[in-house]
Amino acid sequence: MTMSRSSRSSVLALALATGSLVAAGPCDIYSSGGTPCIAAHSTTRALYSSYNGPLYQVQRASDGTTTTITPLSAGGVADASAQDAFCENTTCLITIIYDQSGNGNDLTQAPPGGFNGPDVGGYDNLAGAIGAPVTLNGKKAYGVFVSPGTGYRNNEAIGTATGDEPEGMYAVLDGTHYNDGCCFDYGNAETSSLDTGNGHMEAIYYGTNTAWGYGAGNGPWIMADLENGLFSGQSSDYNAGDPSISYRFVTAILKGGPNLWALRGGNAASGSLSTYYNGIRPTDASGYNPMSKEGAIILGIGGDNSVSAQGTFYEGAMTDGYPDDATENSVQADIVAAKYATTSLISGPALTVGDTVSLKVTTSGYDTRYIAHTGSTINTQVVSSSSSSTLKQQASWTVRTGLASTAAANGCVSFESVDTPGSYIRHSNFALLLNANDGTKLFSEDATFCPQDSFNDDGTNSIRSWNYPTRYWRHYENVLYVASNGGVNTFDAATAFTDDVSWVVADGFA
C-alpha cells in the first residue's frame, strides 16, 4: 500500500516533534512510496527507523584489526565515539560501507578497471576515517572524504536496475568539496569496471567537469553520469536549467526509466528540492534510449575506475522503481530534520593564526632538527639559538588562516614562510614544497593543513593534509612529505611513522 502525501508529512512531523531520527528514515519513506531501497549506504546514520546493524568498518594501522561502527540506537546517528576510542593514537581507514537494505550490497575497496588505482595491485585507496567530521542533531559522525585515487565499489550487487529498468537514487554530499576530475559518482555502473559504452551507467555526479555536459555558471553542478557523458538535461552539452551549487550540504537526486529521467537537488540543511530536469533521454547522442544499465554500485569514481575526482559522501540510497516527486520531497524533509552541521577539523593544542612557530622533530636521534627549507625543498635541519639568522628564518613559519576556506572555517591553517613572504608550505606529488601562492583552488587546498593531537607523547601536534586526510607531515631521510601510515611510496613506510609525524610546535626562531 502506498502512503499518502499527508501520511508521509505526519510521519515527518512526529520525527520533528520528538527530536528523533527514528520515526521514519529515508528508506522507510521510499518503501512507503512503493519504491523500496535496494541499497542504503551511510557512515553517519541509520537510513531505516529500525536499523541498528553495522554502518561501516574501520581498520587501524597499529595492529591491522578492524571494528564495526553501529548507530547509537536503532534509527540513530553513528557511534563516532567508538571509532575515536578504537583509532586513538593511530590512523584508521574505512574498509567497508555496509548496505542497510538487507541485500548485502556493501561497498569495499574498488578494484582496477579501465584505469588503475594508486594502491597495491591497482586497487583504489581507502578513505581515512576522520577526514569528514560532521554533526547530526548535535551528535558527531564521520562522512567519507574521497581524495583523488579513493574509491569504493560492488560489481556483484543484488537487485539493482539493469537494462532500461527504472530506478532512483539520492546522496547527501559536501557541496564545497569537489574538483573537475572524472568522476565523483554514486550509483549504477558497469560490472566489469570497464567503459562498455553509452548508457551503461546511471549515477549521480558532483563537480565542475566540463568535458561533456555542464550547467549554468561555473559550477559545481549535480549531473548524471550515463557513461561517456555527464548530463543535466536532454542535451549532452550545456543545460541552463542546471544551477551552480553553493550549499555546504547538498541533496542530489537522480532517477531514470524508459525514455524518462529527472535530476533534482537542494540544500540538505534547509528547504525543499528543485527539479533541474524532467524529461526524455538525451537525443543528440546514441545509446541512451533504451539504456543498458549493468547494476554495479560505485562511490567516488567513474564506471571505468576513473580516479581523478574528489568529494565527500555522507549518505545515499538506490531504489527499485522510479520514485515520485512527493516521496523524494519527504526524503528531503527527513534529511533536513537530521540537521547536518559542520564541526571542528582539528584537535590537540591550538595553533594561533598570526603566531610565528618552529616545528621540532621528535624521532630519537633526529630531535635537534627542525622543519626548514632550502629553496623550494622543505626539509629538516639542525637549528639552535646559535644558528645564523638566515637559518633561523628558514626554520620559522607564520601560521595563517587556512587558504582553503571551507577547511579554515573549521580550524585548519596554512604556513607562510618568514623569509619568503607570500610563499607557503604545500604538497605536490606528496612532497612538501615552498611555493608562492598562485591563487588557484588547487594551491589553496594543497597548502591547507589540520593540526591534531601528536601521535606520540613527545610531540604537541601532528599536521594532517586537509585534501588528503590519510596523509601527515613526515620527515623521511631529512626531507618532508605528506605520508600515509603504510603505503606504496617509500616515505609511507609504517616503521617509525608515529614518531616521524609527531612534532613539537614551539615559538619561532625568527
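Positions of Cβ are set from backbone N, Cα and C atoms, glycine also.
Positions annotated as signal peptide by Swiss-Prot: 1-24.
Residues annotated as region 'Catalytic' in Swiss-Prot, with similarity to another entry given as evidence: 25-342.
Counting only residues at least six positions away in the same chain, the Cβ atoms of Tyr205, Gly207, Asn209, Asp225, Leu230, Ile301, Gly302, Ser306, Ala309 sit under 8 Å from the Cβ of Cys183 (site 'Cis-peptide bond'). Look at Swiss-Prot and you will find Cys182, Cys183 tagged as site 'Cis-peptide bond', backed by similarity to another entry.
Sequence annotations record features per position, and here Swiss-Prot assigns active site, nucleophile to Glu227 based on similarity to another entry. A sphere of 10 angstroms centred on the C-beta of Glu227 (active site, nucleophile) encloses 27 other C-beta atoms.
Taken from Swiss-Prot, the feature active site, proton donor covers Asp304. Around the Cβ of Asp304 (active site, proton donor), a 10 Å sphere holds 22 further Cβ atoms from the protein chains shown. Secondary structure from DSSP puts Asp304 (active site, proton donor) in coil.
Glu227 (active site, nucleophile) is 9 Å away from Asp304 (active site, proton donor) when you measure Cα to Cα.
Averaged over the region 'Catalytic' (25-342), the predicted model reaches a pLDDT of 98. Other C-beta atoms found within 10 angstroms of the C-beta of Cys182 (site 'Cis-peptide bond') number 22, with every protein chain shown included. Distance noted between the C-alpha atoms of Cys182 (site 'Cis-peptide bond') and Glu227 (active site, nucleophile) is 11 Å.
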